[in-house]
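Visitor: Please see the structure below; I have some questions.
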Amino acid sequence: MTNKKPAVWYEHLHTEKHTGARRGRIHTPHGTFETPMFMPVGTQGAVKGVGTRELKDIGSQFILSNTYHLWVRPGDELIAQAGGLHQYMGWDQAILTDSGGFQVFSLSDARKLAEEGVTFQNHVNGDKMFLSPEVAMRIQNNLGSDVMMQLDEAIPYFESYDYIKDSMQRSLRWADRAQIAHKKPDSQGLFGIVQGAGFKALRSESANGLVGMDLPGYAVGGLSVGESKLEMNRVLDFTMPLLPEDKPRYLMGVAAPDSLIDSVIRGVDMFDSVLPTRIARKGTLMTRRGRVVIKNSKYKNDFTPLDPDLSYYSANPIRTNQFGNQSQFDNPNYNPFQNLTRSYLHHLFNANEILGAQLASQHNLRYLLQFMEDMRTAIENDDLLAFRATVMEEYGYNKPNARLF
RNA sequence: GGGAGUGUAGCGAAGUCUGGCUAAACGCGACGGACUGUAACUCCGUUCCUUCGGGUUCGUAGGUUCGAAUCCUACCGCUCCCA
């Protein structure tokens, strides 16, 4: 055993007194980032509607991208020529790439699954393309992401026990192949993905198998695909304790505020989800007082801010004003979200202006990033249960028929 | 003045020849909803009134018929062409 740190490693800072929630940091070749964290999703090398400048301004740390989609277009070789994905998309912080495992699920009508790998009929021009654990590693090595995900199969939650067992075991074998195929363990960290749907024995077999491989981090997959929140918590209850405490733990595809808290309480450090940007593009804002469907006519004359409780964060607060003029943008405390009214955003959506989708996307991401900042503070103060109670109350989860994001 | 065409639900537009299966296609707009490791500015509802039994509609007024948006008569409006 050497003391040499892997490319990606977890530093533990604090354990919340009442819940055991973790407060830590993840070290990567592109910087060190605070956990628990939420990672915006930029599938095709772009967080839809939000530029890298804005991402940084609103406090993004890691962002996600996708192996399958970048492989299909523009191609991993091309991105390697460009100097890697960071360079290509102009993002100097950490990137995590999903493997294409989710596309095995979401593009299930256009692919064939076998032990060797997955044959996709790609969604752009119909070409047959073969994705194996090894190919997924080659692509991600070319992309140069900080965290790479093993190729797995994201399984529908309500499949049969036998199907889930077979699939989980195959994903486990694929993890093994991925680790062997990994060409750059010194600069990129490979995470394994625990599968097994709602079955304790299968989750356990999956987790134990992956932990035995001593990967730098572990993800829990196959959740938030239609099962209830109660179900998800039940699975996390018996799955999280199986994962090592000195490695980052990533719950894939979760963004609902109550689920974020409940998962952090169960030991999760990292989250991602398309939810904030997807619903933003369709006109739904996430706010501290619940959802705001900005297209609803009741916002037509509403001149209040989008979210009165949202603060703004800027990593580069002072802009150089090349003209020497005073403007609101020179104020380091300037909060663009405070100055935008619901009426204005309603109008932008109504008029189908692209800016509406952009602002809403930034807003929702900022909302979640601030939510995680607040949660980190609550953990540091051993105050997470009170934070949870406040959220449940303020966001209206305690109301009858509550169903927020 | 002469000739041709046309009036359908918020708007556009089918249906009229060959009357019933038409409260009336379709599109837009409007109003709701869904969305959680992104084939997604997408998808799904509702959109004459209603106490859900029904009621009142297709420029207006009459007529024919068991039955009319559809056939007949008159009137009103609009568009285009020629003078």
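Each Cβ is built from the backbone N, Cα and C atoms, and glycine gets one as well.
Sharing the feature lines straight out of TrEMBL:
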type	residues	note
DOMAIN	A:20-395	domain 'tRNA-guanine(15) transglycosylase-like'
BINDING	A:ASP98, A:SER99, A:GLY100, A:GLY101, A:PHE102, A:ASP152, A:GLN195, A:GLY222	substrate binding site
ACT_SITE	A:ASP98	active site, proton acceptor
ACT_SITE	A:ASP272	active site, nucleophile
REGION	A:277-281	region 'RNA binding'
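Neighbours and distances for these, please.
Guide: Annotation note: A:ASP98 (substrate binding site) sits in a strand segment as assigned by DSSP. For A:ASP98 (substrate binding site), the Cβ neighbour count at a 10 Å cut-off comes to 31, with all displayed protein chains included.
Under a cutoff of 8 A between CB atoms, and with a sequence separation of 6+ in the same chain, the neighbours of A:ASP272 (active site, nucleophile) are A:PHE38, A:MET39, A:PRO40, A:VAL41, A:LEU64, A:LEU96, A:TYR250, A:MET252, A:GLY253, A:VAL254, A:ALA255.
For the region 'RNA binding' (A:277-281), same-chain residues at least 6 beyond its ends with a Cβ under 8 Å from one of its own Cβ atoms are 40-41, 47-50, 357, 360-361, 363-365, 405.
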Visitor: Can you count helix, strand and coil residues in the region 'RNA binding' (A:277-281) using DSSP?
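Guide: Reading the DSSP string over the region 'RNA binding' (A:277-281) gives 5 helix, 0 strand, 0 coil.
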Visitor: When the pLDDT values for the domain 'tRNA-guanine(15) transglycosylase-like' (A:20-395) are averaged, what is the result?
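Guide: Average per-residue pLDDT within the domain 'tRNA-guanine(15) transglycosylase-like' (A:20-395): 92.
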Visitor: Count the Cβ atoms, other than its own, that fall within 10 Å of the Cβ of A:GLY100 (substrate binding site), considering every protein chain shown.
Guide: 30
Visitor: Other than A:ASP98, A:SER99, A:GLY100, A:GLY101, A:PHE102, A:ASP152, A:GLN195, A:GLY222, which residues of the same chain sit close to substrate? List them in sequence order, counting a residue when its Cβ is within 8 Å of the Cβ centroid of the site.
Guide: A:VAL104, A:PHE105, A:MET149, A:GLN150, A:LEU151, A:GLU153, A:ALA154, A:SER171, A:ILE193, A:GLY221, A:MET252
Visitor: Which entry in the list of binding-site residues, A:SER99, A:GLN195, has its Cβ near the fewest other Cβ atoms, using 10 Å as the limit?
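Guide: Taking A:SER99, A:GLN195 as the binding-site residues, the minimal 10 Å Cβ count falls on A:SER99.
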Visitor: What residue among the binding-site residues A:GLY101, A:GLY222 has the most other CB atoms lying within 10 A of its CB?
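Guide: Of the binding-site residues A:GLY101, A:GLY222, the most buried by Cβ count within 10 Å is A:GLY222.
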